[in-house]
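Each remark here refers to the structure printed beneath this line.
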Amino acid sequence: MKWVVSFFSIFLLNFSESRTMHRNAYGIASILDSSQCSAEMNLVDLATIFFAQFVQEATYKEVSKMVKDILTVIEKSTGSEQPGGCLENQLPAFLEEICHEKEISEKYGLADCCSQREEERHNCFLAHKKAAPPSIPPFQVAEPVTSCKAYEENRDMFMNRYIYEIARRHPFLYAPTILSLAAHYGKIIPLCCKAENAVECFQTKTSLITKELRESSLLNQHICAVMRNFGPRTFRAITVTKLSQKFSKANFTEIQKLVLDVAHIHEECCRGNVLECLQDGEKIMSYICSQQDILSSKIADCCKLPILELGQCIIHAENDGKPEGLSPNLNRFLEERDFNQFSSREKDLFMARFTYEYSRRHTKLAVPVVLRVAKGYQELLEKCSQSENPLECQDKGEEELEKYIQESQALAKRSCGLFQKLGEYYLQNAFLVAYTKKAPQLTPPELMAFTRKMATAAATCCQLSEDRQLACGEGAADLIIGQLCIRHEETPINPGVGQCCSSSYANRRPCFSSLVVDETYIPSPFSADKFIFHKDLCQAQGVALQTMKQQFLINLVKQKPQITEEQLEAVIADFSGLLEKCCQGQEQEACFEEEGPKLISKTRAALGV
């Protein structure tokens, strides 16, 4: 699964330059010349993406009208002589079009946003985006006869409608990714329409697109949340790490140039600025391919692909190997300089260079692990600057930096050991118990969804070679925890979760690992209704039966978050005995009515609830 791989690879999707040449804090300029124009863009599809993502509940007819109106506005404001690929920032005009359609803005609860101006208006619209709005059902591909007929009658409208349906269901998905997957879908249609078994063809091929959509959408939402909550400094550190691993033979200045453009393009993509998101992404991908000799030996085949496929290919390309001649470690990287005498700007530059050098020497480490090492190194330098012998202090401390890698390796080994012993289902149950204790405020479906992803990640990562398990597991955990933190941002869960989500990006996963029980949680009064058993427990099979058992497990832990492992094992054994006794008899319902309350009474007495 793509999301199991370190999510930070998505940072290579797009890089950009601003409408005016921009520089970072160290005076390093953007790579690209802002006077260069990109290829002609399909503004109809881009405008459709914008309106479908910002007004998700709008009908296709309503979106099409707004698209037509905004294109008229753009043509008037840019003039016929200006190429479509050189559009200035049109974001305010797009938002104004939504507000101009008062019936639409009022109908879909956006009138409060329209009463605001400029940045406040934009932020209000962004806040209204919902990852899974309940009013929009999951997308279903029409049966082949209908799809093939519609495609043949008007291909452009058919594909534009598909783009609309995808964009409204994935409001955080970057425009280039939507267009790339739509292009893939466009290739599937004629093939499957000619296939002997069109239904099977569509089901098989579109399932891959659906999976890619879901995973890419989660990645993009995750990236935007990281940028929003941890700010540009953390985002730059993340990007320095990933780019230094991906392009390990590039020099530091080249990496810094790329980092500058990464930050800008992701800011625009997260803002929903579809025009710049696509246009600048195309430019930077062209630049990367023109600089293969100094960047990477792994992207030659990618650079032969069409521009929309190019980005996804580079994302999945292997990291370049460790350059020859690099020293194995970075001992005394500071030399004899006094770190505390550096200015804030000098400290940032020094740490960026340390992160660059460390990352290109450790191309298989997960990004959060590298950042934990870098954070630990900075804390070490600040401490040693106060000591009588700074160099000796550094020498001892640098050896201790390995603890961050060792902690992550130990967790990966422990998780994979549990997976091998328990299997995916029982490993999920272990995660369920742990996370119900950490976050008992979550609903049973939420707990089951989060822990199912954890167990699936373990099943995937633990099949890999040992040297790849760490990066796989840390990357997956970072994404899942990121989703949990987005959930906390929407509706606060508890102080412990809040602390882990906001204090340090690098230490988010270790923080969650160290959480045990939410001591602020007060269980609701015992309700026998949550522990009534019926004969459907005997009739259920597979996933349905597992879900019923997990529901019981969650309710049990929520009733007593401090439950010990021994107590839990005893209750589960009693529960299994109840199932065996009642399901083997003829009067199953009567058995549950008689024996169920006995089990609950025994459990309550044992747990003191």
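All residue numbers here begin at 1 and follow the chain in the order shown.
Including glycine, each Cβ sits where the backbone N, Cα and C put it.
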Bond partner of C114 - disulfide, per Swiss-Prot - picked from C99, C124: C99
Candidate in C472, C500, C501 joined to C485 through a disulfide, as Swiss-Prot lists it: C501
In Swiss-Prot, the member of N14, N251 to which N-linked glycosylation site is assigned: N251
Residues satisfying Cβ distance under 8 Å from C270 (disulfide bond), sequence separation of at least 6: F172, N220, I223, C224, M227, R228
Model confidence over the domain 'Albumin 1' (19-210), averaged pLDDT: 84
Residues satisfying Cβ distance under 8 Å from C462 (disulfide bond), sequence separation of at least 6: S415, C416, F419, Q420, Q469
Other CB atoms within 10 A, centred on C416 (disulfide bond): 20
Most crowded position, judged by CB atoms within 10 A, among C269, C393, C472, C500, C501 as disulfide-bonded residues: C269
CB within-chain contacts under 8 A for C313 (disulfide bond), separation at least 6: I299, D301, C302, L305
Under 8 Å by Cβ from C193 (disulfide bond), counting only residues of that chain that are 6 or more apart: P144, S147, C148, Y151, E152
The one of S115, N251, S344 whose CB sees the fewest other CB atoms within 10 Å, among these recorded positions: S344
Greatest C-beta neighbour count within 10 angstroms, which of the disulfide-bonded residues C148, C192: C192
